[in-house]
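These notes are about the structure you will find just below.
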Amino acid sequence: MAQLEGYYFSAALSCTFLVSCLLFSAFSRALREPYMDEIFHLPQAQRYCEGRFSLSQWDPMITTLPGLYLVSVGVVKPASWILGWSEHVVCSIGMLRFVNLLFSVGNFYLLYLLFRKIQPRNKASSSIQRILSTLTLAVFPTLYFFNFLYYTEAGSVFFTLFAYLMCLYGNHRTSALLGFCGFMFRQTNIIWAAFCAGHIIAQKCSEAWKTELQKKKEERLPPAKGPLSELRRVLQFLLMYSMSLKNLSMLFLLTWPYMLLLLAFFVFVVVNGGIVVGDRSSHEACLHFPQLFYFFSFTAFFSFPHLLSPTKVKTFLSLVWKRRVQFSVITLVSVFLVWKFTYVHKYLLADNRHYTFYVWKRVFQRHEIVKYLLVPAYMFAGWAVADSLKSKSIFWNLMFFVCLVASTVPQKLLEFRYFILPYIIYRLNMPLPPISRLVCELGCYAVVNFLTFYIFLNKTFQWSDSHDIQRFMW
């Protein structure tokens, strides 16, 4: 059975890589010059490729650290030595973009290993389900598209997933080192390094919580009634747990590599004067709470075969009626957050090359009341996401939610790329769906990818004040 699964995996990876190479060829023919953010990334990588590493050579418009450029040089330079290629060839636009295609292969393998580690291997979860889940996430439209451009997404996801995998296997020093590599690609990846530390803490809290519940059961104490009572009991437990010096010392011994990484991050923020390097004018942090609602909607859209069904809607409505007071409070809080904390970034309104421009224009700008009318949909999407993670412990869910808030809420710009990592982490930890739903999901992703690539490559346009060819993209 294991050998058969290996054949399935090899076939899926080979087919995906073949299709990716064909798409890469189409991209290379259509895009012979840097496009969008590549106008900053590619020249910087080429300067590094030429050995010009001084700070005076740094483009101040770049807001991320040089992880992508350093790894690219580490990949393409040995190729020039081994194959005898000229510097002009190995530092070309095509070769640098190809680095991300290599990252996509690594991401495919890491996703497969993570599914094998996270999902219990029993008769209920077949090898076909794991392979299909891996294939589906590997071609997840928002991530897959950026495998063909010189952006930080593919490498950022690679090192973050690698760090998560090492954490699950207990190699925490390696995990923290890989987390640092992820941070070098995108500063906000420090949150997912903290997520790895949180995973350990959640695991230990779950073990202690089970012991506590068993003790209460033996003492025949009444169980908690209702979610608020349960939450209060969990918070009391966490308070008591954190007051124990023995528990704190044990957690520190397990998480010290991550603590060192977080300390280094705080030193960086103090010395740098903020999390962003380079141009900070367009990357202002704020409390943009509706970003959570956008993420839940994004997740419901891309996971609709698993989250949307008449049964789920009926269950949700029944729960709303049963706990109408609690849901009324949640609704009022949500409306208040939408009212007071909705921000519209200047890029969202100015750049008509991104799909988010059209989502905002054709949905949110139709009428001022639309953003409030969407609150019930946000609530259903949030409940559906939480319900699909009920197999995880309450401590894991709390830790994931904290990291989700930290990675989305401070972002002023509505940008689907910011949702890639939290979505992948969510999808990895959701129980393996039935094969029929996975096939449906994969088919939908294939259609979305086809449309995205077709529109990007064929439906070009020009601005009135520029002769440059513009393209639609995520």
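The backbone N, Cα and C atoms fix where each Cβ goes, glycine too.
These features come from Swiss-Prot:
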| type | residues | note |
| --- | --- | --- |
| TOPO_DOM | 1-6 | topological domain 'Cytoplasmic' |
| TRANSMEM | 7-27 | transmembrane segment |
| TOPO_DOM | 28-64 | topological domain 'Extracellular' |
| TRANSMEM | 65-85 | transmembrane segment |
| TOPO_DOM | 86-97 | topological domain 'Cytoplasmic' |
| TRANSMEM | 98-118 | transmembrane segment |
| TOPO_DOM | 119-126 | topological domain 'Extracellular' |
| TRANSMEM | 127-147 | transmembrane segment |
| TRANSMEM | 151-171 | transmembrane segment |
| TOPO_DOM | 172-175 | topological domain 'Extracellular' |
| TRANSMEM | 176-196 | transmembrane segment |
| TOPO_DOM | 197-256 | topological domain 'Cytoplasmic' |
| TRANSMEM | 257-277 | transmembrane segment |
| TOPO_DOM | 278-283 | topological domain 'Extracellular' |
| TRANSMEM | 284-304 | transmembrane segment |
| TOPO_DOM | 305-317 | topological domain 'Cytoplasmic' |
| TRANSMEM | 318-338 | transmembrane segment |
| TOPO_DOM | 339-365 | topological domain 'Extracellular' |
| TRANSMEM | 366-386 | transmembrane segment |
| TOPO_DOM | 387-392 | topological domain 'Cytoplasmic' |
| TRANSMEM | 393-413 | transmembrane segment |
| TOPO_DOM | 414-436 | topological domain 'Extracellular' |
| TRANSMEM | 437-457 | transmembrane segment |
| TOPO_DOM | 458-473 | topological domain 'Cytoplasmic' |
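DSSP states for the topological domain 'Extracellular' (172-175), grouped as helix (H, G, I), strand (E, B) and coil, give 4 helix, 0 strand, 0 coil. In this chain, the transmembrane segment (318-338) does not touch the transmembrane segment (176-196); fewer than three CB pairs sit within less than 8 A of each other, excluding pairs fewer than 6 residues apart.
Residues of the same chain lying 6 or more positions beyond the ends of the transmembrane segment (284-304) and with a Cβ under 8 Å from any Cβ of it are 140-142, 275, 334, 337-338, 341-343, 371, 374-375, 377-378, 380-382, 384-385, 388, 404-405, 408-412, 414, 416, 418-419, 422-423, 426-427, 430, 441, 444-445. Sequence-distant contacts of the topological domain 'Extracellular' (172-175) (same chain, at least 6 residues past either end, Cβ-Cβ under 8 Å): 163-164, 166, 193, 196, 200, 254-255, 257-258. If one looks beyond the topological domain 'Cytoplasmic' (387-392) by at least 6 residues along the same chain, the residues whose Cβ comes under 8 Å of a Cβ in the stretch are 303, 306-307, 312, 400, 426, 429-431. Ranked by number of Cβ pairs under 8 Å to the transmembrane segment (7-27), the listed stretches 366-386, 393-413, 437-457 are led by 437-457.
Distant neighbours of the topological domain 'Extracellular' (339-365): 36, 282, 286-290, 371-372, 412-416, 470-474; these residues of the same chain sit at least 6 beyond its ends, with a Cβ under 8 Å from one of its Cβ atoms. Within the same chain, residues 70, 72-73, 76-77, 87, 90-91, 93-94, 96-97, 149-152, 185-187, 276-280, 283, 353, 457, 471, 473 sit at least 6 positions outside the topological domain 'Extracellular' (28-64) and bring their C-beta atoms closer than 8 Å to a C-beta of that stretch. Residues 1, 4-5, 8-9, 12, 16, 20, 100-101, 103-104, 107-108, 111-112, 115-116, 119, 153-154, 157, 302, 416-417, 419-420, 423-424, 427-428, 432-435, 438-439, 441-442, 445-446, 448-449, 452-453, 456, 473-474 of the same chain lie 6+ residues outside the transmembrane segment (127-147) yet bring a C-beta within less than 8 angstroms of a C-beta in it.
Remote same-chain partners of the transmembrane segment (437-457), defined as residues 6 or more beyond its termini with a Cβ less than 8 Å from a stretch Cβ, comprise 23, 26-27, 30, 129, 132-133, 135-136, 139-141, 144-145, 302-306, 471-474.
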